[in-house]
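Undergrad: If you scroll down you'll find the structure; I have some questions about it.
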């Protein structure tokens, strides 16, 4: 048979599914999220032999959120769904990962190539013989597409997709038909690791850009550094920290850049988000005559409703594909090489002192006798409680904005979805992040989610239990969708939710004695819980009902909601 002859010509025959999963293992993936379906079942059989753990999520949307959280800690992740019904259920999560530059390899089990070619009337189709329609839907939210329909190009398509996923830090799509799963291809390619290195900048062009940057930096009287999400996603944090240390410049982060820099350093100044900033932060950033802006994403929620008051004339923007110095843009220049040379050639710069922030309570809370847990009181207290290397996940809503007022210990990772803003995201992301943390010697994973958002994706508590994960989940119980109340419909029924017995939920998911539940209604109760050694040692999944006023929110959320309401009118 022709197939046998072709196989005999291979030096190291390997099945396509094994090749794919071994490549994923090579780039650091150790667990695969997803939901089984008849078009991907045979592929899942290969996971154990490739050293990969099957997570098994409750639905594809949650699996996508979990893959997002896993990738933000691990560097890259993999998601497996089935054709049509499965892949479409995951697309909200994939779109969020695309918008926020999170690398997920989305593998879709597809019908037999013969069935596709013949346009058969199969289940999970639209009944019109079009087997390309769903992949096309993913095309706009994937940075590479690999349709594995021809054996001779499979290895190249897999390698290219994974490499693009890593380098561009965005999702890719791999379609894997049932008959291709077991096809033999050349496994000798696996002896050569994928080249995940960035293409170098043109040396002459890079040197010119560095000289221009240094000219303005040396002339500046009070320059500052502003770090945002793409500095994290495009892996330039080493360069950012070197710049921060070598220059001594006041360094700030945007909300999406929270956790990007070591907040214990003396020149860390806090979160800059326009009018939502601490007044001292706002004054120092907006009065600067040169802002080194690294990886900026100037979205509405990241800027407190587009309230930045910094001009392009005083800004140098560093990005993964270009550098913009004032109004001059230099395309095809990656910021990594430029930042490295700027640090090497910097010399003396004018570094003004920064007002050091702390987790001290604001003046109006210091002498308060109130036992009500307000946002103004909560978030500095959270900062006092957090430990080095914690992973802190905050849901779209009050938590996303409240965390701006928390100064982190060293090496804390922050996860949020400020740009895409899909409520419920954080619960799935917590599962994925906690799994990646478990692979990294049990970093502590802490989630703050609202009671409304929790109801969208609560099933992932079941997945946490199934995978023996021990996050601390704080559920802010404030009777519904607070952020939406501040935008529109304060007392309307559509912003209300059905109250749940939240601390009892793990029992429903089969936890039995593998969890602890708490109900916290006063400041003293929370302070006591934070001082509890057993609680802090995270012996198991812990779920904390955190009861807060219905009408309370961080000031930055109120300002952003007001701006959103104005734009929607």
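In case you wondered, yes, glycine gets a Cβ from its N, Cα and C as well.
Given the structure is predicted, the values throughout are model-derived calculations rather than measurements.
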Undergrad: For the Mg(2+) site that Swiss-Prot gives with 478, 480, which of 451, 491, 501 also belongs there?
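TA: The one candidate that Swiss-Prot places in that Mg(2+) site: 451.
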Undergrad: Given Swiss-Prot annotates 38, 484 as pyruvate-binding, which of 106, 124, 547, 566 belongs to that site as well?
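TA: Candidate in the recorded pyruvate site: 124.
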Undergrad: Quick check: of 398, 406, 463, which does Swiss-Prot put in the same thiamine diphosphate site as 421, 422, 423, 452, 453, 478, 479, 480, 481, 482, 483?
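TA: So the thiamine diphosphate site in Swiss-Prot includes 421, 422, 423, 452, 453, 478, 479, 480, 481, 482, 483 plus, from the candidates 398, 406, 463, 398.
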Undergrad: Given the binding-site residues 38, 451, 484, which one's Cβ is surrounded by the fewest other Cβ atoms within 10 Å?
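TA: Counting other Cβ atoms within 10 Å of each of the binding-site residues 38, 451, 484 gives the minimum at 38.
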Undergrad: If one measures from the C-alpha of residue 422 (thiamine diphosphate binding site) to the C-alpha of residue 484 (pyruvate binding site), what distance in angstrom results, rounded to a whole number?
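TA: Distance (Cα to Cα, whole Å): 13 Å.
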Undergrad: Can you check which residues sit near residue 482 (thiamine diphosphate binding site), meaning Cβ under 8 Å from its Cβ, same chain, 6 or more apart in sequence, and list them in order?
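TA: Once residues fewer than 6 apart are set aside, residue 482 (thiamine diphosphate binding site) is near 397, 398, 450, 452, 550, 553, 557.
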Undergrad: Looking at the binding-site residues 38, 124, 451, which has the shortest Cα distance to residue 480 (thiamine diphosphate binding site)?
TA: 451
Undergrad: Roughly how many angstrom lie between the C-alpha atoms of residue 124 (pyruvate binding site) and residue 451 (Mg(2+) binding site)?
TA: 34
Undergrad: Nearest to residue 478 (thiamine diphosphate binding site) by Cα distance: which of the binding-site residues 38, 451, 484 is it?
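TA: The answer is 451.
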